[in-house]
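Student: First the structure, then my questions, so here it is.
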Amino acid sequence: MISLSDLRKFKAEGRKFSCLTCYDASMAKAMEVAEIDTILVGDSLGMTIQGCDSTLPVNVSDMAYHTAAVRRGNSHAFILTDLPFMSYATLNDALSSSKTIMQAGAHMVKLEGGEWLAETVQVLTRNGIPVCVHLGLTPQSVHVFGGYKVQARTRAAADQLIADCKAVVDAGAAVLLLECVPAQVGKEISNLFPNTPVIGIGAGAETDGQVLVVQDMLGLNFSHVAKFVRNFMKEQAGETAILDAFKAYHAAVQDGSFPAVEHTFQIEL
Ligand code: KIV
């Protein structure tokens, strides 16, 4: 099983690592077979699984439920799990939410924020809970940003982001995740912290790891598709591979060609 030490070693060796979001055991098993290095049980499940229009309605028990399923399905990847909206607003909340998530099977919790999280990061780390801090575009603050927009677009904003990264790394953050920042900023931050693996999403090619939401890379996102998404399903199997399977199943049930003899139990009674 991949550990935090492995991620640090990968960084030192310049070996990029993969990360995908995952919310269930069968997909987690597929990712184990594919040797995906790290899994993020993201609060994006609010959209991808629960059908909400943001991550805000997700709660700690949702995250624990999906973390436990993923952990049961995968014994290879390092598993990060999001602490959802308002579940780390106080130190006590952060400790209690992280306890639930770690006991469900996560190897690390992920929090969204910056310098103001330093004390929380320190307290969690001292209590044996490894922390990833998510910076840049932080979806739990979508209503503060006024939409999903690229962050750190000016030198001053990039310097502020770097100061936030320094504060949380000094406090003990073991991994950083950067979302929707210019590639130059992703590179600068990754180079600044030799011991801290940096995962990017829409943060350019120079971060130590990359993450995508699994539905996005399988072409199963039927709403807005961000610029940083690549549809790997389309490249491997054709744009509509999964939809084609659904349509073929529907047609086969309708025309009676499924189930065929080989799919049925033929027992003399
Ligand atoms: O919840 C999530 O899936 C995430 C990724 C977008 C990085 O935080």
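Residue numbering: from 1, along the chain as shown.
Any Cβ shown, glycine's included, is placed from N, Cα and C.
Automatic, uncurated: that is what TrEMBL annotation is.
Per TrEMBL, the feature 3-methyl-2-oxobutanoate binding site maps to Asp43, Ser44, Asp82, Lys110. Summarising the annotation, TrEMBL assigns Mg(2+) binding site to Asp43, Asp82, Glu112. If you look up TrEMBL, you'll see Glu179 marked as active site, proton acceptor.
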Student: Return the residues near Glu112 (Mg(2+) binding site), defined as same-chain residues 6+ apart in sequence whose C-beta is under 8 angstroms from its C-beta, sorted by sequence, else 'none'.
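Tutor: Expected: Asp82, Val133, His134, Leu135, Thr138, Pro139, Gln140, Ser141.
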Student: Are there any residues in the same chain, six or more apart in sequence, whose C-beta is under 8 angstroms from the C-beta of Asp43 (3-methyl-2-oxobutanoate binding site), and if so which?
Tutor: Thr55, Val58, Met63, Asp82, Pro84, Phe85, Pro139, Gln140
Student: If you skip the near sequence neighbours and keep only those at least six away, which residues in the chain come within under 8 angstroms of Lys110 (3-methyl-2-oxobutanoate binding site), Cβ to Cβ?
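Tutor: Set apart from Lys110 (3-methyl-2-oxobutanoate binding site) by at least 6 residues yet with Cβ under 8 Å, we have Leu40, Leu80, Thr81, Asp82, Leu83, Val131, Cys132, Val133, His134, Leu177.
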Student: Near ligand 1, which of the binding-site residues show up if the criterion is a Cβ under 6 Å from one of its atoms? Options: Ser44, Lys110, Glu112.
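Tutor: List returned for ligand 1: Ser44.
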Student: Highest CB neighbour count within 10 A among the recorded positions Asp82, Glu179?
Tutor: Asp82
Student: Which residues, sitting 6 or more apart from Ser44 (3-methyl-2-oxobutanoate binding site) on the same chain, put a CB under 8 Å from its CB?
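Tutor: When sequence neighbours closer than 6 are ignored, Ser44 (3-methyl-2-oxobutanoate binding site) has Thr21, Thr55, Pro139, Val213 within Cβ distance under 8 Å.
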